[in-house]
Amino acid sequence: MERRAEAPPPPQGLDFTVENVEKALHQLYYDPNIENKNLAQKWLMQAQVSPQAWHFSWLLLNMDKVPEIQYSAPAPCTSRSPATGTTSLPDQYESLKSQLFTHITRFAGGSKIVLTRLCVALASLALSMMPEAWPCAVADMVRMFQAEDSNVDGRARCLALLELLTVLPEEFQTSRLPQYRKGQVRSVLAQECGSVFPLLEQLLQQQDSPGFIKQKVLKCFSSWVQLEIPLMDCENLIQAAFTSLQDPELFDTAVEAVVNAISQPDAQRYVNTLLKLIPPVLGLQEQLRQAVQSGDMETSHGICRIAVALGENHSRALLDQVEHWQSFLALVNMIMFCTGIPGHYPVNETTSSLTLTFWYTLQDDILSFEPDKQAVYQQVYRPVYFQLVDVLLHKAQFPSDEEYGFWSSDEKEQFRIYRVDISDTLMYVYEMLGAELLSSLYDKLGRLLTNTEQPSTWQHTEALLYGFQSIAETIDVNYSDVVPGLIGLIPRISISNVQLADTVMFTIGALSEWLADHPVMINNVLPLVLQALGNPELSISSVSTLKKICRECKYDLPPYAANIVAVSQEVLMKQIHKTSQCMWLMQALGFLLSALQVEEILKNLHSLITPYIQQLEKLADETPNPSNKLAIIHILGLLSNLFTTLDISHHDDDHESTEVKKLPVQQGPNPVVVVLQQVFQLIQKVLSKWLNDAQVVESVCAIFEKSVKTLLDDFAPMVPQLCEMLGQMYSTIPQASAIDLTRQLVHIFAHEPAHFPPIKALFLLVTSVTLTLFQQGPRDHPDIVDSFMQLLAQALKRKPDLFLCSNLDVKALFHCGVLSLKFPEAPTVKASCGFFTELLPRCGEIAPVGQVVHENGKVLLQAVLEGVGGQASRSLMDHFAEILFALNKHCFSYLSIWIKEAMQQDGFPSARVSPEQKETFSQQILRERVNKRRVKEMVKEFTLLCRGLHGTEYTADY
């Protein structure tokens with residue numbers, strides 16, 4: 001069709017005529033100018049709710065109009081009905097209903113999208129009229145379309161009726177009817193199924209019904225069952241859907257219908273009907289086997305969905321039918337077949353993953369019975385779960401190396417996730433099978449490794465180890481009598497493959513807590529781990545395992561420390577591992593060194609970090625460029641990760657079992673502090689060249705921040721130097737990481753008299769520099785503002801005396817906080833709210849704070865109400881509520897005046913709230929000085945009113 005020339009935007013005052021609506025629609029669809037499109041859309045929305053909408057809608061549906069115009073025509077019918085939240089005039093219902101029936105009949109053989117749109121409009125109207133104005137809506141629809149009409153083909157009318165009946169429940173599910181009306185309408189619709197289901201049954205059973213009609217019937221049934229219709233009323237159609245599974249054209253739609261029908265939560269009430277469904281499900285087994293043999297993944301997938309839907313949703317109800325235990329066990333075995341379906345997931349099959357949650361559900365239901373009944377079910381189902389373990393471990397096996405080499409990276413990732421799901425299932429199954437499961441795995445592994453006549457594949461060995469690892473990672477195996485044997489077997493494994501080696505490493509890591517209780521066995525596995533460190537393909541598994549061993553067994557590692565450090569140094573120097581693994585390795589070494597004597601720690605630290613210090617000295621002399629920047633960040637990262645875990649005071653110890661092994665607290669300076677003091681000047685030199693680079697500054701701050709967190713009071717000797725350096729850094733180029741480190745220092749040391757002077761000086765300097773930044777315009781630095789607000793809150797919490805300093809401009813800080821409340825970044829606003837909730841309670845005890853709040857509190861209230869009125873994200877309302885609560889609690893006499901004055905402004909905080917609503921909110925806030933939760937509820941309620949969202953479905957869960 002030829003496009004018309006670009007039309008100008010329709011003026012806002014233009015009459016709502018057919019011609020003007022057509023022009024606006026043409027502009028909306030074809031105008032390349034986005035502003036014109038937006039204007040057209042805005043005008044069309046006004047047209048939809050205008051009185052003339054009823055008139056032009058029908059004219060736009062003329063057959064000579066293009067589909068885009070016809071498609072938009074029914075819009076006023078849906079936008080004006082109560083089902084979507086507004087109202088229509090009762091005297092227009094009959095006319096509207098009649099017109100919609102007429103046009104649906106006309107379009108029955110025409111454009112599918114226009115027909116669907118008209119059906120949605122009639123469905124929306126029906127929902128708004130039920131039950132009072134149109135009590136038998138569905139029966140009337142069926143009757144109207146079954147009436148003879150010589151102008152319209154019978155099949156076309158049938159399809160139109162089925163489309164209407166399909167969209168009606170769908171429209172109900174998405175409607176914004178009030179909750180009480182929704183219940184009413186659902187009940188009416190459920191009763192109306194008596195007019196629908198016989199028709200659907202008749203169409204499915206007719207021999208001459210074409211496939212496309214039957215498919216539409218199944219879709220319609222699938223839509224209706226989601227209205228919580230009693231399962232026994234669906235019985236005939238479910239059986240018909242089972243029959244349709246034999247027709248390849250209807251298979252997918254029939255699966256959807258059966259699954260939707262038996263998955264309804266209410267279905268478990270109809271146990272007799274559920275029992276009747278087991279035979280037809282079991283009857284699908286031959287079709288399932290044929291599909292598996294022929295590689296028909298779609299059919300096997302669909303049949304599995306049906307079996308799992310019945311088993312998973314109703315296992316408790318079916319288990320309760322003791323006299324039918326054999327039929328349910330047959331269903332369980334059918335699902336077991338689906339779990340163990342031949343082929344490798346996801347390349348040869350995608351079905352087995354559907355079944356995993358069923359095994360969780362069945363186990364939960366069995367274990368929820370009282371002990372006597374549970375014992376009976378355990379007797380039946382324990383063998384099933386042992387079989388499940390074998391099936392899962394078989395499914396977890398890697399394919400041959402050759403086959404795996406052809407897999408795409410996406411397929412490998414899906415297989416990895418699938419194995420994680422299997423691992424989670426095995427961990428869960430342990431609750432049912434207990435120690436016997438570990439014994440079974442150990443026996444199988446032992447036979448596998450000692451059978452010289454029949455050498456096993458590495459895949460089989462790896463899968464059994466993977467089963468062990470899955471359980472040992474989350475279950476306390478310290479009292480298992482098979483773990484010593486397993487530790488003894490591990491060195492006998494012939495590792496010829498990366499996947500197997502990875503699993504060996506992860507299994508050792510999973511047993512690290514057991515090794516801590518049985519240190520004599522460490523030497524059995526540690527050499528394997530150290531050897532694996534040198535293999536880049538085993539990077540993640542070997543490094544994470546060494547880290548676990550060093551963390552859990554550190555008090556038993558001194559005899560091996562020299563070897564561990566030497567091997568680690570070697571792989572670090574060779575740059576075998578990626579950055580993140582290098583960081584983990586340094587953390588491992590930190591744990592290891594923590595258990596040594598101070599002299600030993602210093603000696604090892606010297607040999608470990610000297611090469612990096614030398615490299616850093618060299619880099620500090622070079623002209624800054626991207627490559628040496630990465631090297632600097634890497635070295636600083638290594639140091640900060642080492643210092644994160646190197647803790648001779650044992651702050652990180654929380655295991656009772658290690659209490660007896662703890663070394664006495666060391667006297668003298670902490671080794672980390674010794675090293676930091678030695679490299680301090682070098683770090684300052686690096687900073688001098690890289691001060692304008694946020695990443696380098698962040699890396700420097702990270703060294704000290706992690707050290708402070710780990711060492712706590714032991715860091716004290718460094719405080720004066722660090723405060724001075726931070727002051728120089730922040731004065732030159734303000735950065736958030738420097739404020740964050742300042743906050744840490746305030747948190748740990750500000751309350752100690754000896755350290756108060758340098759921290760006070762640093763706090764005042766950071767405050768002064770940041771205030772200057774605010775004067776210049778802080779909008780480009782939300783991260784700095786965020787960190788600064790957190791620093792102020794921390795200072796008020798830990799050392800409020802800082803706000804008594806004569807050269808601290810409390811008024812300026814207050815106004816910075818108010819300005820920060822208006823930032824678009826939610827974390828910044830949250831931090832600002834945190835500042836005020838700490839500041840306001842100090843009004844009475846800190847005179848400068850009290851004076852500033854009393855003189856400027858109205859500005860704060862104004863900003864808070866603006867946020868509540870719609871300027872801030874709804875997710876922040878709890879934080880604004882806390883400020884209002886604090887104002888009311890600590891400045892009540894002022895707040896009562898401020899809130900009255902603020903609310904008297906027209907349109908404030910929103911034009912959507914009336915003076916009465918504002919007055920109610922004000923009084924509610926002023927009355928509540930005890931219950932903070934109640935204030936939060938008030939604020940949430942008021943913000944919805946301000947945004948025009950109150951009472952809508954959109955905010956039902958808010």
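Including glycine, each Cβ sits where the backbone N, Cα and C put it.
Per Swiss-Prot, these features apply:
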- 40-106: domain 'Importin N-terminal' (DOMAIN)
- 19-49: repeat 'HEAT 1' (REPEAT)
- 51-83: repeat 'HEAT 2' (REPEAT)
- 189-226: repeat 'HEAT 5' (REPEAT)
- 271-320: repeat 'HEAT 7' (REPEAT)
- 325-367: repeat 'HEAT 8' (REPEAT)
- 482-517: repeat 'HEAT 11' (REPEAT)
- 557-595: repeat 'HEAT 13' (REPEAT)
- 598-643: repeat 'HEAT 14' (REPEAT)
- 671-711: repeat 'HEAT 15' (REPEAT)
- 715-749: repeat 'HEAT 16' (REPEAT)
- 756-798: repeat 'HEAT 17' (REPEAT)
- 810-840: repeat 'HEAT 18' (REPEAT)
In DSSP terms, the repeat 'HEAT 7' (271-320) comprises 45 helix, 0 strand, 5 coil
Would you mind splitting the repeat 'HEAT 18' (810-840) into helix, strand and coil residue counts from DSSP? 26 helix, 0 strand, 5 coil
Who are the long-range neighbours of the repeat 'HEAT 8' (325-367) in its own chain, taking Cβ under 8 Å and residues 6 or more past its ends? 275, 278-279, 281-282, 285, 288, 292, 295, 297, 300-301, 303-305, 307-308, 310-312, 315-316, 318-319, 374, 377-378, 380-381, 384-385, 387-388, 391-392, 394-395, 399, 403, 407, 411, 414-415, 418, 421-422, 425, 428-429, 431-432
Close approaches to the repeat 'HEAT 15' (671-711) from elsewhere in its chain (Cβ under 8 angstroms; 6 or more beyond its ends): 593, 598, 601-602, 605, 609, 613, 616-617, 619-620, 624, 629, 632-633, 636-637, 639-641, 643-649, 651-652, 717-718, 721-722, 725, 729, 732-733, 735, 737-738, 740-741, 744-745, 748
Can you work out the mean pLDDT of the predicted model over the repeat 'HEAT 16' (715-749)? 93
